[in-house]
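Chemist: This is the structure I want to talk about, given as structure tokens.
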């Protein structure tokens, strides 16, 4: 419902203001919706970044884009990179793996699809987003956190050897197979040459020859972990067949019929595409073309492999249906170049044939929430890996040794980082994920104060501190809890869970030491039965524009409700009135604090601005005025921050740059309704992007996802 409101706001306000605008003597071209993206939720603009940033006439539109991006309400992304998640056909119950996820724009799309029904706080599905580069994992965390989902976990592994995870199904350990896998592999990025000047400087024929092996290994690891009937999308931002059709053909050949290319010609109508190709040549460093493997000079046979060449057997080639791959060419619809292939797994991979066996049918009862190992499209059987007897004996012994060390921590619900002997830890050492014990005395006052529903899944609450005071409480879905508890030894988790409560020492005297956190309120709200105040739209405007308004400023109905309520953390709920179509038509839930004589909202600054824009309140501040007002009120703001600092994030030890960036735009700065420079925020995102630019060859594809000019609600 919020996306629809933003779309309405864009069309009725911002696009109309661009209509007759001229910048540097040129008429501004109106943004256009992408015809192939569902429900008009993606728009394309030809405005260059330079013009968008520097033109005073466009400053208002630019601030809108930056502010809404920070809230997670829009994402700016290359148009073609929106295609793979759409072709995955995600449903809210799907278990999804994003193998090479940073910087995270596609991951954000996947999270949206899981939460298609906003009335379900915990979808049964989840997204595990992986990246090999530790620094880029924090960029991924920053992107995913904007969406406030309890169903996302960011992990740090080499995608070509990402470990098999286990889950507990009815007290039995089973291997986790994914229903959907996004395999957006590192590539030469030659499809991005329109926007990426580096490609022109650095491109050589060697790029794709060096990447082919890695791409094939990642794709192979992906299909091994795919459930039967599941879908994997392989994509690159390259048009080189050695990185594309050669990888797919090799994968299909060694799958011996276990995989097939899906025909997606009827999906995404309006998207102009070319079929995959079946014939190509391989070029050596010196520019010499080679048509077959047998012609490769013996001194080059280590760099050039047989899998790089097209299949010669016409019959075999025909059954592969390589023409079902999608090639998106830049000049067809003013985009980047892109390649996509959609694979469906019909049976286990030949080298896994002896392992899997059918255990049971999927539970079909309504309301069943048990985690299942492989939930395929048609509700087919669950598959689990069964080791051979010899392997079984070995694994049992190893397991016993391991269990003696880990059983204690398992009982305590601690999911720490893997031991350094087993896995070399790169980058920042993460704090453990500690689930709240069932009898934790911390929870009782919270439950009583907020009158939590008996169905509230308190087992899913976790903290990041093993000893000392718990300052923040986070929440994950039941399914992710299962994954966390059963795999802490083999998995490096960077981040998971959304913050739902923050410690506030003032609250203790009113019966609860924890105040509600805005980022988790939409997940938590369905379970809260006390301390809810329904407010009208005028009250919402007061709450979002005034720092600490007196109760007398609110409507008489609100004043009556507050009168009988104890001081402390509260929920402020706005429900739209269908009989007033001009008012905001989406529900709003805000965290607040009730004082003796006042009522205030605890909402991050950009989120405040978002709600005000949706209500038609003008929030734009011109740069100069803003700078003046900032310098005048700096002391006042510092004083205010000192007072409200307590209970804010101190244990999220995320990457320095991300932490600093989030501090500038997070709750600490939320108490001033004045909008700070949008340029600063964007520059910080850029700086972070830049810092990891050379970390992974995939950067050339999408490190500019946050910068390019496509707007997606």
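A Cβ is built for glycine as well, from the same backbone N, Cα and C atoms used for every other residue.
Found this in TrEMBL, in case it helps:
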DOMAIN    1-346  domain 'SAM-dependent MTase RsmB/NOP-type'
BINDING   100, 101, 102, 103, 104, 105, 106, 131, 158, 184  S-adenosyl-L-methionine binding site
ACT_SITE  237  active site, nucleophile
REGION    351-418  region 'Disordered'
COMPBIAS  372-381  compositional bias 'Polar residues'
REGION    623-713  region 'Disordered'
COMPBIAS  623-643  compositional bias 'Basic and acidic residues'
COMPBIAS  650-663  compositional bias 'Basic and acidic residues'
COMPBIAS  689-700  compositional bias 'Polar residues'
COMPBIAS  701-713  compositional bias 'Basic and acidic residues'
Chemist: Can you tell me how far the Cα of residue 158 (S-adenosyl-L-methionine binding site) sits from the Cα of the residue listed as 'active site, nucleophile', in Å?
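Modeler: It is 20 Å, counting Cα to Cα.
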Chemist: So for residue 106 (S-adenosyl-L-methionine binding site), how many other CB atoms are inside 10 Å of its CB?
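Modeler: Within a 10 Å radius of the Cβ of residue 106 (S-adenosyl-L-methionine binding site) lie 29 other Cβ atoms.
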Chemist: Rounded to a whole number, how many Å is the Cα of residue 237 (active site, nucleophile) away from the Cα of residue 104 (S-adenosyl-L-methionine binding site)?
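Modeler: Given the Cα positions, residue 237 (active site, nucleophile) is 15 Å from residue 104 (S-adenosyl-L-methionine binding site).
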Chemist: Within 10 Å of the Cβ of residue 158 (S-adenosyl-L-methionine binding site), how many other Cβ atoms are there?
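Modeler: So the number of other Cβ atoms within 10 Å of residue 158 (S-adenosyl-L-methionine binding site) is 15.
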Chemist: Just to be sure I understand the packing, how many Cβ atoms besides its own are within 10 Å of the Cβ of residue 100 (S-adenosyl-L-methionine binding site)?
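Modeler: The answer is 27 other Cβ atoms.
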Chemist: Could you tell me the mean pLDDT over the domain 'SAM-dependent MTase RsmB/NOP-type' (1-346), as a whole number?
Modeler: 93
Chemist: So the record assigns 100, 101, 102, 103, 104, 105, 106, 131, 158, 184 to S-adenosyl-L-methionine. If I measure every Cα pair among those residues, what is the longest distance in angstrom, as a whole number?
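Modeler: Greatest Cα separation within the listed binding residues comes to 20 Å.
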Chemist: Take the Cβ of residue 104 (S-adenosyl-L-methionine binding site) and count every other Cβ within 10 Å, whichever protein chain it belongs to.
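Modeler: Around residue 104 (S-adenosyl-L-methionine binding site), other Cβ atoms within 10 Å: 31.
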Chemist: Return the count of C-beta atoms lying within 10 angstroms of the C-beta of the residue listed as 'active site, nucleophile', excluding that atom itself.
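Modeler: Taking every protein chain into account, the count is 28.
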